[in-house]
Each structure stands twice: as C-alpha cells, then as structure tokens.
Amino acid sequence: MTQMTDAKNNIITKEMEFVAKEENIAVEKIRKWVAKGFVVIPKNIHRNTKPVGIGDNLKTKVNVNLGTSTDCIDIDMEIRKAIISEEYGADAIMDLSTGGELPEIRKQILKNTTLPVGTVPMYEIGIESKNKYGRVIDFDEDIIFNTIERQAKEGVDFMTLHCGITKHTIDTLNNDDRIMGVVSRGGAYITAYIMHHQKENPLYSQFDYLLEMLKEHDVTLSLGDGMRPGCLCDHTDRPQIQELIVLGELVDRCREAGVQVMVEGPGHVPLNNVETNMKIQKTLCKNAPFYVLGPLPTDLAMGYDHITSAIGGALAAYSGANFLCYVTPAEHVRLMNEDDVREGLIASKIAAQVADVAKGNKQAWAKEKEMAIARKNHDWEKQFELSIDSDKPKKMREELPPKEEDACSVCGEYCALLMVEEAGKR
C-alpha cells in the first residue's frame, strides 16, 4: 500500500494527519488531494521519515542538494551539510553523490537526517556501468532496475528518474537550434545511451515494471526533466516541451498505478516567461506537484546564483511551483561547501515565504504579523526568532550595538518609532 492507494481507499494515514497539522488544513482535504495526485508525501515504508506534504494549497517546500564529486570525496562534510540543512529548515535533501562509495555515503546521509531523502539513481547506474563495461552509457536493464530496487530497500523516499526522454524526444532535440544541448547529467546518460545504441529508454519502455517496484516501497517518483534548458537562450523550446508532454502522460500512468509522482521543471527561464512555464506544466501534468531548480532568470550572476534563484523561485512558486530546489553561490563554479549550503537554503526559504505571502497562505501571513508586532514593540529577541536566519542578524547587531537599547545603530536616538511613541506619551 502507498499513501496514494490508502487515500483512494478513504484511509487516513498518520502521515496525512501529520501533514494536516503542519499545514493547519483539515485532514480529509489532505486525503482527497493525495488520492487525486495533487499532493505527495514522500516517505519510504522502510524509513522513519518526517512526513512532508508537497503540492497545491500547501506551503512552498525547499530541497537541498548535497553529495560528493569525483574531485571531492568527504563523507563527514556531506553529513555536516545534511545536519545544517535540517537545522536551517530544509524540507528535503537529495544525495547527488558521484564520488567514493555511493551506498555508504547514502547510508550515512539517511542515518543522519529525519528529512525525506531523494536520489538520482542514474548516477550510480552510470558508475556501475563504467566499472563493469568501461563506459557510463553501456548500462543494461539489470543494472538499472537492480540499482533502483536496492536504493528503494535502503529507504530512499523519492527518486529522480528521466523517464520522459524517448527516441522521439531526441529527434526533436536534433532538429532544434538549441545552444547548450543536454545539461542534465542523468538526462545525458539516457540521451547518449539512446543515440549510441539506437534503443529506447528502458525507463520509458519498462515504465510499468518501474512503477511496480516503486509502489512496493512507496517511493515517490520525481519525473526528471532531462531536456531542461541550460541557459536563457534555450528556454521553453521544443525539446523541453516535447519531454513535458511525455511526462504528462506518465503522470496519468503513475496515478492509475497508485504511485505518488511529482514533475521536475526548468532551471533557466527569463522572468517574463516563468509564469508561462508554470502554467504549461500544471496543465500538461494535470496539477501534479511541480519541483523546480531555481529557476534562474539571468545567466550572468556566477557566484551569486542563490540570489537569482531566489528571484526566479519566488515568482515560480507564486505562479504554481510547489517545491523549490535551492541553488547555492557555488552553482556553475564548484562543489558547494557548508557555507554555500546555508546561504543557498536561506535564499530559497526567503523565496518560498515571499511566494506563500503573495498566495495568501494564512501561516505565512501570521508570521509576518508577528514580526510587525515584534518590531513595533522593539522586541529584538522575537525578531531574531522569527527571522528565516536568526544567527546572522544577532551577530550583526552585536558587531555594532546601538546606544539606545530599543533602537538600532542606524537611527539611534532618531528612531522613527521611538520618536512618535515618546510624542504620544506627552
């Protein structure tokens, strides 16, 4: 049984109850939305994961990517990244490791967080293929499905799988004038496999078998966007939309099978086209939860892509995205370190709050009101507590403390609030 099959059978699970309480929404509404596929609760049956609801009418959620590379293999650092992610309010984590002993790294991350954990199995599939056959693109169906099953048994809560790349998708790509080609690493493995071997994508041709496997462990399928644009110049082009059409069809098959599913979206989109992308996805995928990387509305901010991501992410979430994948200052430059993780997460959480306020979320507005009252009352401790990052403003105030205890060192005795308050007392 999965969260979706239970919901379809009018069964309210403890995970649905938890999400309902967290969102301050009637649990029967949560059940109905899970049954229809509008909300997912990624939680593998083998793991004691903190339940998180992702979908329409819920708060915008934020994911943190972490993981090793072939150039930097430090399990302890990845564990610290996972701990920082939970400490600073991430809703989920993805282990994207490609260097070192991947099963051991995954095991340690699963052990050191209660958050839902996702993976991209194609990374491990490619490495196993290289070790066995000499190239990452020479994998066979046994390697693919054995890897997916093994990760499911380990407790992975959601998996990004590039099921929508087909021979027809690649024909569309080859006939397009796209500048950057395929920038998705997992998507590139599948694309190269199809082009070299002239075979169909096994994740597409064996999709029903894949669903049986995921259903057994209640792994949420995150349909990867292997044809996502890698730069603004390629946004909303035919390869991207062709794949999205296929993903919409696969969403229907997931729902029929009782497998929870969400859909991943583009990472580079000009600001004036963000809303269009969200509406296209929500229409083609029948309101499946939408998971976006950023998106980045400019490609010229290397070293500051957490800021561009927050700008694009706020508009994306306001326009329909439900799950924001953070972007760190290290994006497009190097592997992220712990400080990058913290900064990227905070920026993405700001975007989520901005969007939730704009959408009228009652919990988001309640926090804004609390902050207004705390500022009116010069309650600095409460302001720090309510801040998305409470540590930084505390340190900043300590670095240059005000002479007037209630004020800050910008206005001091000329604080507008204090001035009017004093005048009112006379």
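First residue shown is number 1, and so on along the chain.
In case you wondered, yes, glycine gets a Cβ from its N, Cα and C as well.
According to Swiss-Prot, the features are:
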- Asn65, Met94, Tyr123, His162, Ser184, Arg185, Gly186, Asp225, Gly226, Met227, Arg228, Glu264, Tyr291: substrate binding site (BINDING)
- His268, His332: Zn(2+) binding site (BINDING)
- Cys408, Cys411, Cys415: [4Fe-4S] cluster binding site (BINDING)
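Shown on the structure are the features that Swiss-Prot records.
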| residue | record | Cβ neighbours (10 Å) |
| --- | --- | --- |
| Asn65 | substrate binding site | 22 |
| Tyr123 | substrate binding site | 22 |
| Gly186 | substrate binding site | 22 |
| Gly226 | substrate binding site | 31 |
| Arg228 | substrate binding site | 25 |
| His268 | Zn(2+) binding site | 23 |
| Tyr291 | substrate binding site | 27 |
| Cys408 | [4Fe-4S] cluster binding site | 16 |
| Cys411 | [4Fe-4S] cluster binding site | 14 |
| Cys415 | [4Fe-4S] cluster binding site | 18 |
Are there any residues at least 6 positions away along the chain from Ser184 (substrate binding site) with a Cβ closer than 8 Å to its Cβ? List them or say none. His162, Gly224, Asp225, Gly226, Met227, Arg228
Alpha-carbon distance [Tyr291 (substrate binding site); Cys411 ([4Fe-4S] cluster binding site)] in Å: 42
Looking only at the binding-site residues Asn65, Tyr123, Gly186, His268, Cys408 ([4Fe-4S] cluster binding site) has its closest CA neighbour at Asn65
Excluding Cys408, Cys411, Cys415 themselves, which residues in that chain have a Cβ inside 8 Å of the centre of the Cβ atoms defining the [4Fe-4S] cluster site? Pro402, Glu404, Ala407, Ser409, Val410, Gly412, Tyr414, Ala416, Leu417, Leu418
Local Cβ density at His332 (Zn(2+) binding site) - other Cβ atoms counted within 10 Å: 12
Quick one: pull the CA-CA distance for Cys415 ([4Fe-4S] cluster binding site) versus His268 (Zn(2+) binding site), whole Å only. 42
If you measure from the Cα of His268 (Zn(2+) binding site), which of the binding-site residues Asn65, Tyr123, Gly186, Tyr291 is the nearest? Tyr291
